[in-house]
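In what follows, a structure is listed as structure tokens, so that the remarks can point back to it.
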Amino acid sequence: MTNIRKSHPLIKIINHSFIDLPTPSNISAWWNFGSLLGVCLTLQIITGLFLAMHYTADTMTAFSSVTHICRDVNYGWMIRYAHANGASMFFILLYFHIGRGIYYGSYTFMETWNIGVILLFLVMATAFMGYVLPWGQMSFWGATVITNLLSAIPYIGPTLVEWIWGGFSVDKATLTRFFAFHFILPFIITAMVMIHLLFLHETGSNNPSGLNSDSDKIPFHPYYTIKDILGLLLMLLVLLMLILFSPDLLGDPDNYTPANPLNTPPHIKPEWYFLFAYAILRSIPNKLGGVLALAFSILILMLFPTLHTSKQRSMSFRPMSQCLLWILVANLIILTWIGGQPVEYPFITIGQLASMSYFCIILILMPMMSFMENKFLKW
């Protein structure tokens, strides 16, 4: 008789995805982030569901409902901070996951990669709308500034912004629809994750060498399940330290002041994980130009398969390209720092230089370096 996990229609799918899945024998800890992101998404949906039970999406009561969750609900403070810091954790893992994909050339799986970029957009949209819900000062002004960017779109811009707001400013209608979208998007993300995995399992995983590993595969369980559990424990350790010791470390103090349309905070800035894109947006003096640069700073990821000029897939044996990638990482850290600084000298100049080098490294220097390395292979 066949094993139930191989014959049952539902269990069979799980078996092919997580148990008997043939996996390269040499994948490193950098391949842990996918499963960690899955756990993170699950945690966010669960904590979000419990928060939604007590939250009210109304401008008059939103702020006080969040206060009520933290003060009066059993372990409400923990659920709230787990959700807020879980989002930060999500983005940390997401950026590591994308970085791994760039380093090891995983972007050559075109469908998987492009769905991943769409997933990044969806997660960013969800996080942005979630940040608006507590209805603090930074929630309100962040929503005002970011939605206002759409007014830069020629002809339809201003109408589009008013349509999104549901009025002539960010108000009750905006908060209600943002809550609705914030609730539904994680489920759309979950569906997209399944498609992401479907396409990944069509080709099989990449590995650090970038070579075909069909001749050397091992079952996913128990080898990688146990390896993923180690990663999970480390992630939970970091997350719990954040939640229990310094829950407000990554937040903005301004968001503890209720939203006031008559009082603008001195520095309007998004959450830390959007600061690099915010710095790119601010580095261009023209509104439409800034919006295009902001969109392209993420969309540029879709160009990686096209810009790949190297004869080797992975960067494991390409020290010059490695060097460039680490310069890009340093550049992104500088952009993140600049995004949180006021718009004044010298930060404006640093931001403009960092934004320019971000696009130069990806569009010009990396393909050129790969081309040069191909030449060195012939020596």
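Cβ coordinates are placed from backbone N, Cα and C, and glycine is handled just like the others.
Taken from Swiss-Prot, the feature heme b b562 binding site applies to His83, His182. Per Swiss-Prot, heme b b566 binding site is recorded for His97, His196. Annotation source Swiss-Prot lists ubiquinone binding site at His201, citing similarity to another entry. For 33-53, 77-98, 113-133, 178-198, 226-246, 288-308, 320-340, 347-367, the entry in Swiss-Prot reads transmembrane segment.
Recorded features from Swiss-Prot, shown on the structure.
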{"residue": "His83", "record": "heme b b562 binding site", "Cβ neighbours (10 Å)": "21"}
{"residue": "His97", "record": "heme b b566 binding site", "Cβ neighbours (10 Å)": "19"}
{"residue": "His182", "record": "heme b b562 binding site", "Cβ neighbours (10 Å)": "21"}
{"residue": "His196", "record": "heme b b566 binding site", "Cβ neighbours (10 Å)": "21"}
{"residue": "His201", "record": "ubiquinone binding site", "Cβ neighbours (10 Å)": "14"}
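In terms of C-alpha distance, the listed binding-site residues His83, His182, His201 place His201 closest to His97 (heme b b566 binding site).
Cα-Cα distance from His196 (heme b b566 binding site) to His182 (heme b b562 binding site): 21 Å (rounded to the nearest whole number). For the transmembrane segment (77-98), the list of distant contacts is 30, 33-34, 36-37, 40-41, 43-44, 47-48, 50-51, 66, 69-71, 116, 120, 123, 127, 130, 235, 238-239, 242-243, 247, 250-251, 271-273, 301: same-chain residues at least six beyond its ends, Cβ to Cβ under 8 Å.
Long-range contacts of the transmembrane segment (113-133) within the same chain, counting only residues at least 6 positions beyond its ends with a Cβ under 8 Å from a Cβ of the stretch, are 55, 57, 62, 66, 87, 90-91, 94, 98, 101, 106-107, 139-140, 142-143, 146, 174-175, 178-179, 181-182, 185-186, 188-189, 192-193, 195-196, 199, 270-271, 273-274, 298-299, 301-302, 304-305. His182 (heme b b562 binding site) sits 29 Å from the residue listed as 'ubiquinone binding site', taking the Cα positions as reference. A separation of roughly 30 Å, to the nearest angstrom, links the Cα atoms of His83 (heme b b562 binding site) and His201 (ubiquinone binding site).
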